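What follows is a single structure, and I will ask about it in a moment.
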Amino acid sequence: MSNIVLEAEFLYYTLASVATLLVIAISWRVLSSKHSAENKSLQHHDASQVTEADNDSKKSSNSEDSQDIDVDDLLIKSSEIEKLEPQEIAKLQEGSGDSSPSKKVKETHAKRVRAKQLEDELAKSMTEDQLDEERRVRQSQLEAIFKLMQDNQDRFGVDSMEDVQSQYKLYA
C-alpha cells in the first residue's frame, strides 16, 4: 500500500516538474521570437527600407508594445508603496504574536504548573490512607500498561518497567 502511495507521489511530482519545464521552454521560445522580431524591425528601420510588409510588422509590434505597457501598469512600483504608520505596525505585531510558538509553550507550561498546584492541594487535603490508595492505583495502572506492552513488545519496543515509568512521568 505504501509503495503505491510513494509511486503516486513520485508520478505527481514528476508530472509537475515536466509541466514546469515545458512552461519555461515555451516562455523562453516566445520571448526569443519577440526579441528576434524586434531586432529585424530595427534593422529594417535603420536601412530606411519601408515597405507595406514592414508597416504591417510595425503595427503588430506596436500592438505588442501596448500589451507590454499594460503589463507595466500592473506592476507595483516602489514609489507607489506607502510606509505604515506606527499604530498599524503595532497592530500587525500584536496579531502575529498570538500564534508564536514561544507563547504556546508558555501557556502549556502554565497549565502544567496549575495542574501540579491543584494536585498538590488535593494531596494535602487527603488522608494517609487515601494517599496510599492513590499510590496503589497508580502502581496497578503502571503494571497493567507494562503487561500490555510486554504482550505487544514487537509493536511497542519496551523492555523494562523503568521505560514505562519514565514515559508515565512525562504524561502524569
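Keep in mind that glycine also has a Cβ here, set from the backbone N, Cα and C atoms.
Residues or ranges marked as compositional bias 'Basic and acidic residues' by TrEMBL: 38-47, 79-88, 104-135. Residues annotated as domain 'Matrix-remodeling-associated protein 7 helical' in TrEMBL: 110-171. Taken from TrEMBL, the feature region 'Disordered' covers 38-135. Per TrEMBL, transmembrane segment is recorded for 12-31.
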Tell me, roughly as an integer, the mean pLDDT over the domain 'Matrix-remodeling-associated protein 7 helical' (110-171).
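Taking every residue in the domain 'Matrix-remodeling-associated protein 7 helical' (110-171) and averaging pLDDT yields 82.
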Quick check on the compositional bias 'Basic and acidic residues' (79-88): DSSP residue counts for helix, strand, coil, in that order please.
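Once the DSSP states are binned, the compositional bias 'Basic and acidic residues' (79-88) shows 5 helix, 0 strand, 5 coil.
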What is the number of residues in the domain 'Matrix-remodeling-associated protein 7 helical' (110-171) that are helix, strand and coil, as DSSP sees it?
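Here the numbers are 55 helix, 0 strand, 7 coil.
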